């Protein structure tokens, strides 16, 4: 190779080297077939532009083949609708499970923030504390840096709220004395459990404070549950993602096997691996697209199927709650993930398989 | 165009399919490669096509030791060579036209230009009227001519053929060989492996004889 002269690009003797340079097939071939007609004059006069048009024609050819293969693989898919639909359905099912779990968690997170907002401390004052003292204590509480806001509830207000929530006017009216202390409801700056515990401790040290109620255990539990769920969803997502890879990989492996002869022939006449791989990559991507769309459909169907009982259940608790649905972003993410997985599965299968195919 | 320098090819460490081959083929030459089956004709062609590498020695094509080509360069190297196979290697689910246009498709030739060249090649082998047919609808001789059209559609500088007249009757064989001579006349280097000694002898071209992987005769060299 080294021995050939630099000018040898004008002769066929340079073919292998030249062939790998970024030149179009036509130029290569011409220089081979008619050695004397080749590069020097073109190169010296308009070399750069020549190269550029070569490059752009190569790019056009590349785009053309991509388009052709995308359509060809789609056509192959449509030609055997049942089998391919089953493959897509397998992909869809693998995607629906983690996606549904994720959606559920999303709604739990929504609930979680509502709970965070309702996370408060209640300070109960000594019964002996009168209103003026209560006002001073409230001022002291507000001065604490961990406190975002307060609401003082006098014994009378407390009694009224209590009665209202019980719906019994008469029983409590029979009491001689109002047994309730003044209470101060505090919205903390943060719902961080440790910060809240510290705040509670400081407040308990104030004079006239009888007790500070802080019940965060359920918030904590919910949070742990959500974290657990998130991890389960992630693990399932990874696992089922592998499942999708395997499903697509296996399907593509069969497709490669059934077109083995064709692959051998095109490799014999100079097809690159990329060229051979391309139709299969598109097939994989189409499987992914189909699977993703089916998964979206299944999620919508599931939502419709569950929405009525869920609404009835929520209503019985006096709440309004609708099942979360995938928004545009979520749908796009799901669809791109499945497409990418299909493509990747095909890539792995073809690459693994191509090494075993040698033209005879 | 082709130079074999002390080339040996050994399969599986048992025996030498080719041993100590030394010869050169000039640009524009037409050469027959002959010998009984198993003499190494196909192995020799496979070495030139870079389907295999020699165990020893160098195979130099167009000035390059092709063993040194990187795997990613090999496809581009193969595009420079037209090959006619004994079993045609046609794709049976595609029309004659698409079979012939395959090399151009691989190289990304613009479709209208490709169609023009495909028709020119089919015209050359006399099958222009069958371009829409599927290979199974053709006779053996016609299939072989489709294979030839595919090999030359690219106007390669080097044309290889492995037993191109293997299963054909004498008249068809002569026609096929005449086709190869036509291509040789316009400057293509042609190398044909064949054991049809009678036919080869009539054609008066250089003949390389192989026996048990060794070159035992080189007649009619210019």
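These residue numbers are counts, starting from 1, taken along the chain as shown.
Just so you know, glycine gets a Cβ as well, placed from its N, Cα and C.
Residues or ranges marked as compositional bias 'Low complexity' in TrEMBL: A:1-21.
Annotation source TrEMBL lists region 'Disordered' at A:1-50.
Listed by sequence, the residues of this chain that lie at least six past the ends of the transmembrane segment (A:85-105) yet keep a Cβ under 8 A from its Cβ atoms are 226, 229-230, 232-233, 236-237, 240-241, 243-244, 247-248, 251, 287-288, 290-295, 297-299, 302, 323-326, 334, 337-338, 341-342. Feature annotation from TrEMBL assigns transmembrane segment to A:85-105 (among others).
Per TrEMBL, the feature domain 'FtsX extracellular' maps to A:121-212.
What TrEMBL lists as transmembrane segment is A:232-252 (among others). Proximity of distant same-chain residues to the transmembrane segment (A:232-252), defined by a Cβ-Cβ separation under 8 Å and at least 6 residues beyond the stretch ends, is recorded for 87, 90-91, 94-95, 97-98, 101-102, 105, 280, 283-284, 287-288, 291, 337-338, 341-342, 344-346, 348-350.
Across the domain 'ABC3 transporter permease C-terminal' (A:236-352), DSSP classifies residues as 101 helix, 0 strand, 16 coil. As annotated by TrEMBL, domain 'ABC3 transporter permease C-terminal' applies to A:236-352.
If you look at the transmembrane segment (A:285-308), the same-chain residues 6 or more away from its ends with a CB under 8 A from one of its CBs are 73-74, 77, 84-85, 87-96, 99-100, 103, 244, 248, 251, 322-323, 325-326, 331, 334-343, 345-346. The transmembrane segment feature in TrEMBL is assigned to A:285-308 (among others).
According to TrEMBL, the feature transmembrane segment maps to A:328-350 (among others).
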